[in-house]
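Below: one structure, written as structure tokens.
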Amino acid sequence: MTIILTNDDGIDAPGIKALAQAVSGKNFIVAAPRDHQSGCGHQVTTTRPINLQRRSDSEYAIAGTPADCIRIAITQISQDVKFVLSGINAGGNLGVDAYISGTVAAVREAAMHGIAGVAISHYRKAKQNFDWELAAKWTAEVLEELLHRPLEPGYFWNVNLPHLQPGETQPELVFCQPCTKPLPANYRIDGDDFYYVGEYGKRERTPGSDVDVCFTGNIAITQLRV
């Protein structure tokens, strides 16, 4: 069974290295964007060539979006892909974030082709540093649970890790529903220019939703569909 690893932060980002650490010992191929693609959503490339750089037998840097990476991985790199993992994103992809997230788009694209997948993101609190070793540990625990759970066709998992401080209680895995409340749409205006200043951590949230679960220190797991 071949697992494809991808992300939207780029192939050299620390998050995808932590993801590789989480699946150490499994048969995986990294097929990830050559450059940063955060916030690209489900964009695909159809009007220009997509350059592929083979770094090794199991690592490919692709000059495209996360969805492009999955399309190329499952049609050109391996015919035996059984699972797609996307992440670990440096920042949350909670609730309605899924619609603009390249991280989530990668596993949505996989689901469209009948391949199961998990998107993993790490909420960041107040621009504090990430502990990628800890993120890899949590991700391994999550995948131990999810890789063996059946998924109906067209469904996929979206996981968000909390941002905890040393000594805080170990997070629980909580299966929940995605929050449908919007992201803050606040802007600073300078002449004809609008600068986004919405504060992610101050977004509204429905009690018990993925935003609420993650913001209160637990691992939020939602099942989404195409």
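Note: Cβ is positioned from N, Cα and C throughout, glycine not excepted.
Annotation source Swiss-Prot lists divalent metal cation binding site at D8, D9, S38, N89, citing similarity to another entry. Cβ neighbour count for N89 (divalent metal cation binding site): 29 (other Cβ atoms within 10 Å of its Cβ, all protein chains included).
Most Cβ neighbours within 10 Å, among the binding-site residues D8, D9: D8 holds that distinction in the structure as shown.
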